[in-house]
Each structure stands twice: as C-alpha cells, then as structure tokens.
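Novice: I am attaching a structure below and will ask some questions about it afterwards.
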Amino acid sequence: MIVETPRQGCPIDGETVTAVPQDGKSLVSGNKKSKTSPVNPKVFILRHGQTEWSEIGKRTSFTDLPLTEKGRTLVQRSASTMLGTGKLIDPSKLRKVYVSPRLRAQETLKLLDLPESVPVETTELLREFEYGEFEGMKTSDIKKLTGNDKWETWIDPAPGGETPQQVSDRIDELIDLVRTRHHQLSFEHEEEALEKPDILFVAHGHILRGLGARWIRLDIRHARGLQLDAGGVGVLAYEHGSIEEPAITRWNLIQ
C-alpha cells in the first residue's frame, strides 16, 4: 500500500486511509476480542509551531529552541478555530494529553490554554527522531557530507542517532499504550472512556509523521508521504467503529 502526499486540510486522497490486520492478529495487546464502539475515539496530533531551525529546514531533536513569533501566532490561530466546544478538538472529550519534553512542544501546548482539568503527561516517547551528528543540518548538507545523494531520514541511520527501526519501535510502544490504556476502554463501553474518548499528542514533525504511518501499520519509510507542517494537525481514528481498523481521517490541517 502506498500513501500519497495528502492535500492540505483534506483526508488523504479524499478518503479515510485504513489498516486491516493481514496476519490475523489483533491490533490490541493480549489479542482481546474487540467490540464496536458507539463513539470513534481519536488521537489528535499537533506539530509544534515554527522555530528558527524548522523555518529553514534544519534537523532539530535535542536542541531546545523556542517558537518564533510567527510560530506562536500560528498556534494561537489554529487553537481559536480548531479547539473548543463543538470544534474539531473538544477539550471536554480529551481523556489525556501527551507532550514531548522539548521546549518548542511545551510552549505549543501552553498556547492551547487547555482547561486545568485535562490531564497532561510529558513523555520521552514523543521526543523527536534523534539525528546524532546530523543535528542542525539540512538534508542537502547531509547528502553532500555523506556523498549519498539519495540519503533519506526514513531509511538511512544518522551516526550517533537513532535508526529508523528504533524510532518505529518507540512509536509502536506509544500506539500500544494508547490502544490498551485508553481506546480499548471505549470499545469495552467503559462509561468515562465514552464521555472522554480522545487523546492529544503535541510533538514534532518526523515523530508524528512516523506515527501516522505506523498507526495504519505501514513501514515507517512510508512516512515520507505524510507532510506535516509546523502547527499542522492530524486525526487518527478507526473505521467501522472497530479498533482493528485504525485509520487516518484528517492530515496537515492548517489555519
């Protein structure tokens, strides 16, 4: 299956993109028999606002840069149109927020001005792809340095950083956490989980693009087709009310 680059603000290729298990295994740990849910629990993903490095395409993992003024403005504008009662992200339906420990993600979350009643957890699982010796470099510079004009984040490891497989494994751990600790409760018709079924991730471009690919059980290399701009929002959910059919329903929404 190939994921095409999505049109901004639209479902990919105009339709929901869904994963169906091909090996007979459940997507939920423990191989529990799944039920359908009267609600469609979601994971909303939000890439942090613009920084000086993201504006010019420099790789940023552990370098703790603040948002630019443009980045703060974009996040606030997106929050005003997409977050609120009856809007895309309804705080009253948020079960929990997970955020990267990096300053740019923490600042982005703060600008959302969520109610204090919404639980927030900072997690290393959402830290950005670790670029090692390629930290602060553009793709064009990496290609020159390595002599490999086909060098790609999703395929080639960075010296001193994470391999794509290590990042994929980290993402899978995060997905398993969401499905078993949160979404499965909605499919089991647990009352509180039905009232507050949704999760919000605030993190970084590459880790969230990788999450999109792995959510629908694609190899992480397919994340190359999931552009996610600074301040972009995506929606990960399920089709046919089934936890066995994870889907991307919206991607790269920008206001």
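A Cβ is built for glycine as well, from the same backbone N, Cα and C atoms used for every other residue.
So TrEMBL says this about it:
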- His48: active site, tele-phosphohistidine intermediate (ACT_SITE)
- Glu128: active site, proton donor/acceptor (ACT_SITE)
- Arg104, Glu128, Phe129, Glu130, Tyr131: substrate binding site (BINDING)
- 1-36: region 'Disordered' (REGION)
Novice: Whole number in angstrom, please: the longest C-alpha to C-alpha distance across Arg104, Glu128, Phe129, Glu130, Tyr131 for substrate.
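Specialist: Taking every pair among Arg104, Glu128, Phe129, Glu130, Tyr131, the longest Cα gap is 17 Å.
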Novice: Sequence gap of 6 or more, Cβ distance under 8 Å: name the residues on the same chain that satisfy this around Glu130 (substrate binding site), in order along the sequence.
Specialist: Ser61, Phe62, Ala158, Gly161, Glu162
Novice: Distance check, please: Cα of Arg104 (substrate binding site) against Cα of His48 (active site, tele-phosphohistidine intermediate), rounded to an integer number of angstrom.
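Specialist: With distance taken Cα to Cα, His48 (active site, tele-phosphohistidine intermediate) is 6 Å from Arg104 (substrate binding site).
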Novice: Within 8 Å of the Cβ centroid of the substrate site residues Arg104, Glu128, Phe129, Glu130, Tyr131, which other residues of the same chain have their Cβ?
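Specialist: Not counting the recorded site residues, we get Arg59, Thr60, Ser61, Phe62, Arg127, Glu135, His204, His206, Ile207.
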Novice: Can you tell which of the recorded positions (His48, Arg104) has the fewest other C-beta atoms within 10 angstroms of its C-beta?
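Specialist: Comparing Cβ neighbours within 10 Å for the recorded positions His48, Arg104, Arg104 has the fewest.
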Novice: Look up Arg104 (substrate binding site) in the DSSP assignment and reduce it to helix, strand or coil.
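Specialist: Assignment for Arg104 (substrate binding site) reads helix.
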Novice: Could you tell me the C-alpha distance between Glu128 (active site, proton donor/acceptor) and His48 (active site, tele-phosphohistidine intermediate) in angstrom, no decimals?
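Specialist: With distance taken Cα to Cα, His48 (active site, tele-phosphohistidine intermediate) is 11 Å from Glu128 (active site, proton donor/acceptor).
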Novice: Would you pick out, from the binding-site residues Phe129, Tyr131, the residue whose Cβ has the largest number of other Cβ atoms within 10 Å?
Specialist: Phe129
Novice: Need the DSSP three-state call for the residue listed as 'active site, tele-phosphohistidine intermediate' to compare against my parser.
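Specialist: It is coil.
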Novice: Reported as an integer number of Å, what is the Cα distance between Tyr131 (substrate binding site) and His48 (active site, tele-phosphohistidine intermediate)?
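Specialist: Cα-Cα, rounded: 18 Å.
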